[in-house]
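Trainee: What follows is a structure written as structure tokens; I'll ask about it next.
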Amino acid sequence: MEIYGMVTGKAGKSGYGSASTAEDVTHSIDAKHLTAIITGGTSGIGLEAARVLGMRGAHVIIASRNTKAANDSKEMILQMYPNARIDCLQLDLSSIKSVRSFIHQFLALNVPLNILINNAGVMFCPFQLSEDGIESQFATNHIGHFLLTNLLLDKMKSSARESGIEGRIVNLSSIAHTYTYTEGIMFDYINDPDRYSEKKAYGQSKLANLLHSNALSRKLQEEGVNITINSVHPGLITTNLFRHSGLGMAVLKAMSFFLWKNIPQGAATTCYVALHPDLKDVTGKYFADCNVTTPSNFAIDTTLADKLWDFSIKLVESLP
């Protein structure tokens, strides 16, 4: 991701750039044959992605901890597009129990699943353990989505097989994945308050999203499954994620105002990777400004990715 492109909005090889919006990158795409789950689809990038996918005809399931906010989002989209197909299901990604409950609710709908957008997240939170005893940013941003994705894979595989339509998983990562702990993932001390850094813990969780994508991409390719998984950096956007940030972030934003995007621009890369036909068979990549870019060395470390995969499997299997 080049600074020049970020500032000027100049399009990259894909034909899109930092100034492109979610509507721009999905122009003329007909998604009526697709069903998508979007986690955290009640505000910011998630809501914009839900709106645009709904506008393009996809059946959108908004998965959110706050059911009122989800229903309000649904009503807003329906007011704009009365024929949109929007459903809402409750999902708290910080809770293993809630993730498993969501799976039961979704499977009961008896619909296919073509697109999974793992968008929800928390950022820069004070140290706190989830109800399962996992540091909250790691629990919500990685473990919850890791389990959700694994439990939805059979449905995605059968949908891809029966329809012939490529399934797509989009993990919302961040350039913040480059700012993590010295060892990348602090496996032995994830729940240690004495070693906790709000910003590094966030970076660790975003690195985990990338490692998860890359490990699962390799596994799906080995199986010969018609499903891709990619990671995206949305850009610098002011959303509800910043509710835990302080004065320092306000100063940073004031000094770098020319790099920040609005929400329609911030949702562009997510929607591009989820829907654009040019990305057929593209998997295991990291996108920013709707173009493939290079992540950190940690992010492409297959040994680290496999270690995180095994760690995550053991962790979720140890919980009821």
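Every residue, even glycine, has its Cβ placed from backbone N, Cα and C.
Since we're looking at a predicted model, the values are computed, not measured.
Under the heading active site, proton acceptor, Swiss-Prot lists Tyr196. Swiss-Prot lists Gly40, Gly41, Thr42, Ser43, Gly44, Ile45, Gly46, Asp92, Leu93, Asn119, Thr140 with the feature NADP(+) binding site, giving similarity to another entry as the kind of evidence. The substrate binding site annotation in Swiss-Prot covers Ser174 and rests on similarity to another entry. Swiss-Prot lists 301-317 with the feature region 'Interaction with calmodulin', giving similarity to another entry as the kind of evidence.
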Trainee: Determine the C-alpha span of the NADP(+) site listed in the record, that is the greatest distance between any two of Gly40, Gly41, Thr42, Ser43, Gly44, Ile45, Gly46, Asp92, Leu93, Asn119, Thr140, in Å to the nearest whole number.
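Mentor: Per the listed residues, the maximum Cα distance equals 18 Å.
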Trainee: Between Gly44, Ser174, Tyr196, which of the recorded positions has its C-beta surrounded by the fewest other C-beta atoms within 10 Å?
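Mentor: Relative to the other recorded positions in Gly44, Ser174, Tyr196, Tyr196 has the fewest Cβ atoms within 10 Å.
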Trainee: Under a criterion of Cβ-Cβ distance under 8 Å and sequence separation of at least 6, what residues of the same chain contact Thr140 (NADP(+) binding site)?
Mentor: Leu93, Ser94, Ala120, Gly121, Val122, Ser130, Ser205
Trainee: On a simple 10 Å Cβ count over all chains shown, which one of the binding-site residues Gly40, Gly46 is most densely packed?
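Mentor: Checking each of Gly40, Gly46, the winner is Gly40.
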Trainee: What Cα-Cα separation, expressed in whole Å, is found between the residue listed as 'substrate binding site' and Thr42 (NADP(+) binding site)?
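Mentor: Cα of the residue listed as 'substrate binding site' to Cα of Thr42 (NADP(+) binding site) measures 19 Å after rounding.
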Trainee: Can you break down the region 'Interaction with calmodulin' (301-317) into helix, strand and coil residue counts using DSSP?
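Mentor: Final tally across the stretch: 16 helix, 0 strand, 1 coil.
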Trainee: Please report how many Å separate the Cα atom of Tyr196 (active site, proton acceptor) from that of Gly40 (NADP(+) binding site), as a whole number.
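Mentor: Between the Cα atoms of Tyr196 (active site, proton acceptor) and Gly40 (NADP(+) binding site), the distance comes to 25 Å.
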Trainee: For Gly44 (NADP(+) binding site), which of the three DSSP-derived states applies: helix, strand, or coil?
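Mentor: DSSP assigns Gly44 (NADP(+) binding site) to helix.
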